[in-house]
Structures are given as C-alpha cells and as structure tokens.
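Asker: The structure is given below, and queries will be raised subsequently.
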Amino acid sequence: MAAATLLRATPRFSGLCASPTPFLQGRLRPLKAPASPFLCRGLAVEAKKTYVRDKPHVNVGTIGHVDHGKTTLTAAITKILAEGGGAKFKKYEEIDNAPEERARGITINAAHVEYSTAARHYAHTDCPGHADYVKNMITGTAPLDGCILVVAANDGPMPQTREHLLLAKQIGVEHVVVYVNKADAVQDSEMVELVELEIRELLTEFGYKGEETPVIVGSALCALEQRDPELGVKSVQKLLDAVDTYIPVPTRDLEKPFLLPVESVYSIPGRGTVVTGTLERGILKKGDECELLGHNKNIRTVVTGIEMFHKSLERAEAGDNLGALVRGLKREDLRRGLVMVKPGSIQPHQKVEAQVYILSKEEGGRHKPFVSHFMPVMFSLTWDMACRVILPPGKELAMPGEDLKLSLILRQPMILEKGQRFTLRDGNKTIGTGLVTDVPAMTEEDKNIKWS
C-alpha cells in the first residue's frame, strides 16, 4: 500500500494529461470532440484582443456527483466576478451547451470558462458527473492544478463523488477545496455538519489532507438568484478566497520542447483547422513547426495562430488552455488523442514497463485477480488505447490491492515516456493507476501478440 500512496502522491508529470479546451463557439464544427466553449471565435476573423499575462494562471475545475450543482456553481462564480469585471457571466445553459446535455439536464463533456480574481487568472473546467461519461471526465480533470469538489448537503457523498476523487488523485491533482452545495434545502444544521465530517473522512481515505481541506457551505442557486446573501454570494466569495489561498500556483516547465495533447479538432470556415488542448510543457509560438503523433499518424505542419479565451497569443506557455490554427490540414486528418510536439523531440512507443497499483474491491476496483495478457484500456494524456498486461516471470496472478511492476503492450504506438502517469480501466471500472518507469523496444514475441 505504501507504493500505492507513492503513485497517488507523485506530482503530476509535466508532459501529461491535457483537457478539453474551451475555445470554439458559433460557427465552428467539432470533430468527435467534447463541447469546448472557450477557445476562439476570433480565429475566424482577426483577433481584436491580445491576452495579457499579468497574473499567475491556474487551471481549476468542479468535480462531483451528477446533479449536485457543479454547473450551477460555475455559473454563479462567473456572475459574481462579472460584477467586478473579472469574468463574463456565463448562464447555466451556456455552459451545458450541447443539445444532449440540455435535453438530459446533465453535463456530458467537460466545459470551460475563464475568470480572474484579484490575485489570479483561472481556466475553469466544469467536469461531467454522470457515470456514463467518466471517460470525458478523465480528460476534464487531466490538466487541473486543483479541484473544487461539489457535494449536495441533502445527499452527502455519492458514487461519482468517490470516483471523481479517485480519478483526480490518480492523475496528480493534489489540492481540493470543498463546496457543500444546496444548504438552503437542508433545515437541520447537524445534517450539514455530518455531511462535512463524511467528506473529510472521504478525502483522507483518498490520500488528501481531510482535516486541513477548506470546506465552504452555501447555495450556488441562491448566489445565482441573488437571495440569502450568507448562503449565496458570500459563500461563493469565501470559496474563491479558499481557492486563491489553498491551491498553489504550480511550477511550469518552460524549458523542455513543447507538448500539447490534442483534446478537440475544429474547422473554421475561411481559415482552416484548429486543435485545442492544454499545453503541458514548453513554449509554443506562432510560426513554430510541429508534428502531430499517435494513432498511427505522423503529420508535420506549422502553427499559424494561437488563441486563449478569444484573445490572441504570440506565444503560449505550459498550463495555457489554447487553440492552435494549423496550416494545410483538414479536420478529417486529425483526431483527439494526437499529441502536438516539436519535430524530432519525442516518438510514439508501443511497449512500456511501469509501476502499477491494482485497486482493491473496496477502492472500486476489480473483485478478482487477473493473469498475463489481460486486456484493459490505458488512459493517458487525451488518448485511450487497448493494451495487453504482461506479468513478471514467475508471477501468475495480479491481485486487487497489489502494487507491482508490469509490462504493457499497446495495440498501437502512442506518446509514452518515463514518468508519465496513466489509468487502467476495464469496462466501467477504474482498475489501476501507474507510472511509466521505462520504454523498452518491442521483441518479436511482443509483435506477435494477438488482439482479437
């Protein structure tokens, strides 16, 4: 279990996990991609504004069970900050903007908004809570520097509360602030106190500092409707203060060659194709040559424009949620899961050795052990790929709750390097979390593995 703690506590590798990038609305047409409300309508015409980097940039997001009020809270934050010029108010309907989301009343794809407090500039990801859309939630949490866990006071922690916390911890999100929502629906203050106690115990269970974590009680709906100031506006202001102070500004790796996992691909009439994502490391400039790798593709092109939240950038830095206009490509040429890199800086790999923690039944993992050649799906960066697990010589079974060294062979070569985190899923269960320790060459035996 000590090794499991190590895997969960290791800081997120700088070349990992990008998320949906909020930038294209209006006439832009996504290609098999999540709704990404924040990138740039402005790429269709010349951008009118330039992004000014005058505050530290931090990526945060709302996580939690379906219908606990994540999107309502996101809307309330923008409404309150808009009054001081720190945001543009985004209504609930603008955040949940995909037709299926509106029809079902739930968030399916991670959506994004931008806002600023007095101290910081934030890109905020509103992650889906419904169990059917955990895959999109994994992508949503991947680039986050910290999370706001939303728990309804009238429900307490629920199944997706646990799963979201588990996924956030697995991909290296180390700081969580809690908002106990819908407090206006609970008359008994003791019930709210019990919910807070249960949340702190849950945080501790998943390796967070449960006793130290800020917990703010309030009502996002009251804040949106500007009633009951103590539970409404003041609670959201307290939450923002807690996010400012408890979630640290991360150290960004600006020295290594740029790496941008592609979250979405869009076509802009009259201009071309845009890829969106969070720059995981390095600096990306207008005019840079780049390669797009993965999924058996190797495409070379040039970045002809960069935008973030409808503002143009001459250069993007690690941590920025951006859209990059690429020369001479059609949206059909590209897909989510590709990785944009400096030419020659990295190559896809099909085999890795890794330290892997297999989740126990109590942690939501498998009930039974598995053998060599078991085939889960590996999630890393913005891609997912079927893989074969090869147990060490002499090892017949991998048991739930066990920490061990494994070899994993992917169905197709993808971007993988030492220190990279990944998650293993089997059906609708997260079954393991791992860290790449080596990237060996494929043997003849490896090449003959059957995938049917």
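Positions of Cβ are set from backbone N, Cα and C atoms, glycine also.
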Asker: Of 94-97, 126-129, 314-317, 446-449, which span is tagged region 'G3' by Swiss-Prot?
Answerer: 126-129
Asker: For the feature region 'G4' as recorded in Swiss-Prot, pick the matching range from 25-28, 181-184, 293-296, 297-300.
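Answerer: Spelled out, Swiss-Prot records region 'G4' over residues 181-184, not the other listed ranges.
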Asker: Say we define neighbours as other CB atoms within 10 Å of the CB. Which of the modified residues K79, K88 has the fewest?
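Answerer: Result for the modified residues K79, K88: minimum number of other Cβ atoms within 10 Å at K88.
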Asker: Cα distance, K79 (N6-acetyllysine) to D67 (GTP binding site), nearest Å?
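Answerer: Cα-Cα, rounded: 20 Å.
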Asker: Cβ under 8 Å to the region 'G4' (181-184), counting only same-chain residues 6 or more beyond its ends: which ones?
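Answerer: The answer is 68-69, 72-73, 150-155, 192, 217-222, 228, 231, 235.
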Asker: Neighbour count, 10 Å Cβ-Cβ cut-off, for K70 (GTP binding site): what number do you get?
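Answerer: Result for K70 (GTP binding site): 28 other Cβ atoms within 10 Å.
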Asker: Whole-number Å only: compute the distance from the Cα of K79 (N6-acetyllysine) to the Cα of A220 (GTP binding site).
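Answerer: Just about 11 Å between their Cα atoms.
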Asker: For K70 (GTP binding site), what is the secondary structure state per DSSP, taken as helix, strand or coil?
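Answerer: Looking at the DSSP assignment, K70 (GTP binding site) belongs to a helix.
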Asker: At the Cα level, what's the spacing in Å between D184 (GTP binding site) and K234 (N6-succinyllysine), rounded?
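Answerer: So the alpha carbons of D184 (GTP binding site) and K234 (N6-succinyllysine) sit roughly 14 Å from each other.
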Asker: Under DSSP, is S312 (phosphoserine) part of a helix or a strand, or is it coil?
Answerer: strand
